[in-house]
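Engineer: The structure's right below; bear with me while I get my questions together.
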Amino acid sequence: MLHILFFFLAFVSSSSNAMVNDFCVADLKLSDSPAGYPCVPPAMVTADDFVFSGLGVAGNTTSIINAAVTPAFVAQFPAVNGLGLSLARLDLAKGGVIPIHTHPAASEILLVVHGCITAGFISSSANTVYVKTLKKGDIMIFPQGLLHFQVNSGADGALGFVSFNSPNPGLQITDFALFANNLSSQLVEQTTFLDDATVKRLKAILGGTG
């Protein structure tokens, strides 16, 4: 009897937290919260709020990674607020790479639209590596919070689209977390087993100090 009561209370609690409106276009002028942004008044919402055209434009791949990510997260596409989803476009020039990174708040699905992309992730329990070279039409899942990457392994440019189960998946790139800030070189060396010259060279490349 107690387990039935517990299930009922859990169901009621879950239902009470469900969205009671059809949508909640984010009011970006107000502060974000764990529950998302406050809603723009429905009377002020138009059809244009539910359309985002930014993913139709190729990103600028002239960068250190020879790649570009064009997001359609809540900050760029306020209509996804509260809906538990978002998208991004990946443009990878020849030799382009999306470095090892993690999304703390979302799982990810990659769809390859053009070219070949070698992608993979690393499990948190046994550090098992799962890597696959994907071709046009292939999809791959990257579980929430796990380190993962994408590399253009073809002879030409590659294009992919990624979907997340959060309007704001978050992002932390391992290389930038280590070498693009003011974390002291001594601590980086002690915690990564890299030598001083390597750490300082990477900090110089990525703009870090310390």
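Placed from the backbone N, Cα and C atoms, the Cβ positions cover glycine too.
Pulled these features from TrEMBL for this protein:
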- H101, H103, E108, H148: Mn(2+) binding site (BINDING)
- H103, E108: oxalate binding site (BINDING)
- C24-C39: disulfide bond (DISULFID)
- 53-200: domain 'Cupin type-1' (DOMAIN)
- 1-18: signal peptide (SIGNAL)
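I'm curious about the neighbourhood of these features; can you describe it?
Structural biologist: Under a cutoff of 8 A between CB atoms, and with a sequence separation of 6+ in the same chain, the neighbours of H103 (Mn(2+) binding site) are F142, Q144, G145, F164, S166, P169, G170, L171.
Taking the Cβ of E108 (Mn(2+) binding site) as reference, residues of its chain lying under 8 Å away and at least six apart in sequence are, in sequence order, I141, F142, H148, V162, S163, F164, P169.
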Engineer: Given the disulfide-bonded residues C24, C39, and counting only Cβ atoms in the protein chains shown, which has the most within 10 Å of its Cβ?
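Structural biologist: In terms of Cβ crowding, the pick is C24.
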Engineer: Where's the emptiest Cβ shell within 10 Å among the binding-site residues H101, H148?
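Structural biologist: Candidates: the binding-site residues H101, H148. Fewest Cβ atoms within 10 Å: H101.
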Engineer: Please work out the mean pLDDT for the residues of the domain 'Cupin type-1' (53-200).
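Structural biologist: Computed over the domain 'Cupin type-1' (53-200), the mean pLDDT is 97 on the 0 to 100 scale.
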